[in-house]
Amino acid sequence: MKSLQNLLQTISQTIQHKLRQIYFINTRQNKTNFFAIEIPLKHYIILIFILLVLCSYNLFTKYQTFLALKQGHVFEATILLHYTKKENSERFKLQDSQGNIFYATYKGKFKQIAGKKALVYGKIYKCSFLQFLRSCNIYNSSLSLLPSIDKKQFLRHLINAQHEDKLAANLYNALFFADHLEKPLRQGAIVFGLAHLIAISGFHLAILSFIFYALVCPIYFIFHRYFCYRNAVYDLGLLGLIFVFFYLVLIDFQPSFLRAFIMACFAYMILLFGLQITNFLNLFLCVLFGLAWNVSLLFHIGFLLSVAGVFCIFLFMRHFASMSANYKGLKKFVFGVVLFNCIIFLQMIPITHYFFPQFSPYQIISIPLSILFALIFPFVIIAHIFGFGDIFDSVILWVISHEFSLSMLYTPLWFLLFYLLLCLFAMRFLWAYVASLICASIFYVINLVLFFS
């Protein structure tokens, strides 16, 4: 019996050693000290100037488009959404090549043409340039469909074929390709606080990168013997970024995922130089680069919430990362994972309620689901690859078939500004971080009282 235990232990150690070799765990440099990113004032001014020039050029091109549309303009657009109105008309959400958003209404009935390319003519009225940067209604317009190949059509067909109910298929299309959620699914996402899991963002990027790493690393290991002088971590990191970029193109540069991709590129470059990745300056520079690419992101709610979420994560790591290093095993899991998700959940509530006032006590379910999502997301991908993607359909249909009550409470502007000010001070001071957590907790309790009253 003892010899059998020794044999099993030897086999286990051999497998662990081989896996460490295949995934290059033994070759990594575990840095305990990092350089702080210190940009000299002159270089900092040059960088800001370059970004401002790019942002100004972006604004200039948008203003030229704005002036052209006031006179009447023809442009090519992608039909993002297609709504059927009660009266004999259809409403479309359009996006041009510059990322500008338009809404147009047409009389008559159309087949579902969301995702198609179209040639649009129209004018805008009573729309300021600031409003134009958000979105504008377009009038006196005509729409002609253009021949185009939907790069997601084949993948959508594979998903739709595995689901008898269209709503279940729509959920997975939204989860994988950033498609628009139907109203019953949106309601369910609000009730259970799952919008951040369905909307493709940095969380999905991290999981997809991990899946890519797990699949490609063994193949890379086979060929690495022929170029052993190469740094495996840097090579695999670059391949991962290329893979994620193609996915970004597939989902049409979805803003929150774009922010995550920019940060991933920054993190890769910083890793090359051995600098500290979780730095507030890095987040600030990523936001500037995003705005230089498309200034309209400043008015995109998904982008703003994505940035706020990363900022809250950095605050947690700033004040709690050193404490979690003192724990091991279950205590480390509770402190580093459970407490992390609870605090981020609380901190995001005042910010989220400025845009979306709906509240339900069931939203607390999003905490354990956020922890499990790192396993659920890869599983549903594998399930759809092997043809059993409908495994959770009964649960999905049960949720959307029930009516749940919601309370409504917008975050007052004065409270939001005070809360954000505390969060900014929390970058430096622990007392400000504690105060921001207290404010977020009080706001959550107020929502609970309002709901049950």
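Quick reminder: no glycine exception, Cβ is built from N, Cα and C everywhere.
Under 8 Å from some Cβ of the transmembrane segment (41-60) lie the Cβ atoms of residues 285, 288-289, 291-295, all in the same chain and six or more residues away from its ends. According to TrEMBL, the feature transmembrane segment maps to 41-60 (among others).
Residues or ranges marked as domain 'ComEC/Rec2-related protein' in TrEMBL: 181-423.
Annotation source TrEMBL lists transmembrane segment at 190-221 (among others).
Residues 24, 27-28, 78, 99, 151-152, 177-178, 200, 205, 208-209, 212-213, 216-217, 220, 261, 264-265, 268, 271-272 of the same chain, all 6+ positions outside the transmembrane segment (233-253), place their C-beta atoms under 8 angstroms from a C-beta of that stretch. Annotated transmembrane segment per TrEMBL: 233-253 (among others), in sequence order.
Sequence annotations record features per position, and here TrEMBL assigns transmembrane segment to 265-291 (among others).
Cβ atoms under 8 Å from those of the transmembrane segment (297-321) belong to residues 133-134, 196, 199, 201-202, 254-256, 258-260, 263, 278-280, 283, 287, 290-291, 335, 339-340, 343-344, 347-348, 351-352, 355, 423, 426-427, 430, 433, 436 of the same chain, restricted to positions at least 6 beyond its ends. The annotation transmembrane segment is assigned in TrEMBL to 297-321 (among others).
Under 8 Å from some Cβ of the transmembrane segment (333-356) lie the Cβ atoms of residues 190, 193, 195-196, 301, 305, 308-309, 312-313, 315-316, 320, 323-324, 327, 364, 366-367, 370-371, 409-411, 413, 415-416, 419-420, 423, 436-437, 439-441, 443-444, 447, all in the same chain and six or more residues away from its ends. Annotated transmembrane segment per TrEMBL: 333-356 (among others), in sequence order.
Same-chain residues lying 6+ beyond the ends of the transmembrane segment (362-388) with a Cβ under 8 Å from its Cβ atoms: 158-159, 162, 172, 175-176, 191-194, 196-197, 203-204, 207, 210-211, 337-338, 341-342, 345, 404. The transmembrane segment annotation in TrEMBL covers 362-388 (among others).
Using a Cβ-Cβ cut-off under 8 Å and counting only residues 6 or more beyond its ends in the same chain, the transmembrane segment (433-452) has close neighbours at 315, 318-319, 343, 346-347, 349-350, 353, 359-361, 405, 407, 409, 411, 415, 418-419, 422-423, 426. The transmembrane segment annotation in TrEMBL covers 433-452 (among others).
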